[in-house]
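In TrEMBL this protein carries:
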type	residues	note
TRANSMEM	48-67	transmembrane segment
TRANSMEM	93-114	transmembrane segment
TRANSMEM	120-141	transmembrane segment
TRANSMEM	148-169	transmembrane segment
TRANSMEM	189-208	transmembrane segment
TRANSMEM	229-252	transmembrane segment
TRANSMEM	272-297	transmembrane segment
TRANSMEM	318-335	transmembrane segment
TRANSMEM	347-365	transmembrane segment
Amino acid sequence: MGDKQSSFITLLITAMILSGAANTIVYKLQNTSKVTVDGWEATNFNHPFMQAVTMFLGESLCILLFLNIKKKPDYKQGCIEAAAKGLKTKVNYGWVAIPAMCDLTASTLAYISLNYIPPSIYQMLRGGAIISTAIMSTCFLKRHIKRYQWFGCGFVLVGITLVGMSSFFFPPKKDNDDPDSSSEIGAAYFISVGLLLLSVVMNGLQFVSEEKLFDVYYLHPFEIVGIEGLWGFSVYVVLAIALTFIQCPTSMNNSCVQKQMTDMFYFERADLYFLQIFANGLLLFWVILGIFTIATFNICGVSVTKYVSSLARSLVDVSRTLIIWAVSLAITWIDPEAKWENTRWEAIVLELIGFFVLVTGNLIYNGTIKLKFLDEGSQVDPLNDAAQQFLDNKTGQSLQPS
């Protein structure tokens, strides 16, 4: 029985890594697509707000799966067992708006930043979620973080700093020597890194607030992902339409969307978004694939939060970095016009060092690397204990098919 449940946790984590890696790559493929519409000059697909709409659409579809599960006897039995353990079975969905709004903010900032930084750096910096999640867990879940875990967080901080600075110390070679162009790209890079780090803070708050909800309510992972999706989709449909009519300041034109046949730039153009995806079959495929990969990733991520912990979710999320980096470098070398990654060997070496420091920090944090001078004898691996936590989870609910 224990082996079966341990295998289920392993399968869950594997699916989270693969769907997460695929999602980042798919969204970068969208952002690097150039589309010609009605003879208008080919333009980049730059729609971070509409991408967030599709993300929440994918999440909201999970509510349909939950409604089917809710009819099954296993779910009803789970409700009875949860009530006996003191969990509330009548959920106040207003509280789910908290992680949903955190997800909304984090996703918007992340999609904007992905337009201007390499996918590998994007994913490595997202590894900083372990720091924000640890701090939030201490503040809101009253969890005690041991000294060796803070030491691991310190390593993670050093790692993401090395990764974030790699393109500053060794900027990618340009096709021209225009100094204005170089400084403009440099400014966009640092602003994007700042936005991404802010999104990591919001991710930490999202993970911890979800875990807090699992402490109080009987929630199926499909249920919370679906409700979060409905919250985010409702807000973003209104926001995306509003931004379609709000002009950008002139200084932000390079980051905004140009209205066809005019010199005016807007924060978003929902009309152009649909024109572009239906004018390019491959782009439409990437958009649809993005919807399904983000839904799968979030279901797996919330399930890891429920059956293991929010901290374990942050640890697992780092593991997809190597896949993303390898694919991004391959695309850059195969198609130099893509320019997904900085291919200067100095930058790659610095990123590699930063990545290993980042992974080392995670291994120290979860107790895989034991440091005798820090909390000797108390270091445990939360992922190795996942099966036991699954056995003792608060609801007694199983995701496995009956």
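Every residue gets a Cβ built from N, Cα and C, even glycine.
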Any contact, the transmembrane segment (347-365) to the transmembrane segment (93-114), with at least 3 Cβ pairs under 8 A: no
Maximum Cβ pairs under 8 Å to the transmembrane segment (93-114) - stretch from the list 120-141, 148-169, 189-208, 318-335: 189-208
Outside the transmembrane segment (120-141), six or more residues from its ends: residues with CB under 8 Å to it: 24, 110, 113-114, 149-150, 152-153, 156-157, 159-160, 163-164, 166-167, 193, 196-197, 199-201, 203-205, 207-209, 211-212, 215, 310-311, 313-315, 317-318, 320-321, 324-325, 328-329, 341, 351, 354-355, 358, 361-362, 365
Top partner of the transmembrane segment (48-67) among 189-208, 272-297, 318-335 - counted as Cβ pairs under 8 Å: 272-297
